[in-house]
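According to Swiss-Prot, the signal peptide annotation covers 1-18, on the basis of sequence analysis. Summarising the annotation, Swiss-Prot assigns topological domain 'Lumenal' to 19-188 and lists sequence analysis as the type of evidence. Per Swiss-Prot, N-linked glycosylation site is recorded for Asn35, Asn53, Asn85, Asn115, Asn170, and the stated evidence type is sequence analysis. Marked as transmembrane segment by Swiss-Prot on the basis of sequence analysis: 189-209. For 210-234, the entry in Swiss-Prot reads topological domain 'Cytoplasmic', with the evidence type sequence analysis.
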Amino acid sequence: MFSQIVLLLSAFIYVASATARRGTIKGRLDLAASNITGFVSTRTSFKLYQIGNFSTEYPYTSTTMFQDDEGNFEFANLPLNDGVNETTYYVMYPASMDFNLKPNRILIEFKNLENGTLQLNAFKNFFGREYFPSKDITYPEKLQSMKVHPYITVELLHKAPIRSYLQARNVSIFSTGIVGNILNSRWKLAGVITLIALVVFPIIVEKLDPETARAIREEAKRKQREKYAAVASK
């Protein structure tokens with residue numbers, strides 16, 4: 001009986017420790033009290049990358065989107081390093097095609113405290129900076145801490161400009177000007193092709209079959225004489 005109780009307690013402690021080694025990040029995008037529309041929600045995402053030391057074979061990565069129209073999002077069941085005072089670091093990148101968001105990079109720290117609890121910290125960590133302040137610098141720039149409870153807040157910097165992802169660097173003569181105007185209109189293009197055919201066809205016939213070309217010219221002259229004779233007789 002006693003051995004069974006010990007086994008149950010051991011199993012409970014193992015489950016509790018395994019649960020403690022998992023973290024959760026809750027965040028919210030604040031759009032100035034505006035609801036998140038379906039269009040915006042599909043074009044906004046949050047990416048998470050594990051950095052520094054990690055206990056798994058590969059660093060953890062994940063991407064999430066909004067949970068509701070209030071801008072809430074969450075990363076759950078995140079792997080954490082084992083041991084007292086051990087820390088686990090993640091970097092989160094908010095991204096949107098409709099808005100410029102701030103901060104554009106967030107350093108997130110999980111720390112296992114001696115009393116068995118898990119401490120969560122977050123810091124603003126903008127592009128162009130190192131993930132951590134360098135220890136080699138006498139007075140390193142400190143990262144600005146962020147509020148993590150009840151969630152990490154991502155704010156709207158301003159609406160993003162309309163982006164043109166494809167731009168023709170060198171516009172050819174076939175796209176602009178007189179040539180481009182003709183090529184972009186099927187009726188004008190058909191007229192030009194017909195005119196070229198009327199000019200080129202007699203030349204080709206004369207080169208390939210001189211007798212036929214001569215007969216065509218004689219027939220044209222005959223019809224012209226008959227036309228003039230008919231006019232003169234009137």
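Positions of Cβ are set from backbone N, Cα and C atoms, glycine also.
Taking the Cβ of Asn53 (N-linked glycosylation site) as centre and 10 Å as the limit, one finds 11 other Cβ atoms among all the protein chains shown. Residues near Asn85 (N-linked glycosylation site) in space but far in sequence (CB under 8 A, at least 6 apart, same chain), listed by position: Lys111, Asn112, Leu113, Glu114. Spacing of Asn115 (N-linked glycosylation site) relative to Asn53 (N-linked glycosylation site) is 22 Å (Cα to Cα, whole number). Away from its own ends, the topological domain 'Cytoplasmic' (210-234) comes close to residues 202 of its chain (Cβ-Cβ under 8 Å, at least six residues beyond either end). Residues in the topological domain 'Cytoplasmic' (210-234) partition by DSSP class (helix H, G, I; strand E, B; coil) as 24 helix, 0 strand, 1 coil. Around the Cβ of Asn115 (N-linked glycosylation site), a 10 Å sphere holds 6 further Cβ atoms from the protein chains shown.
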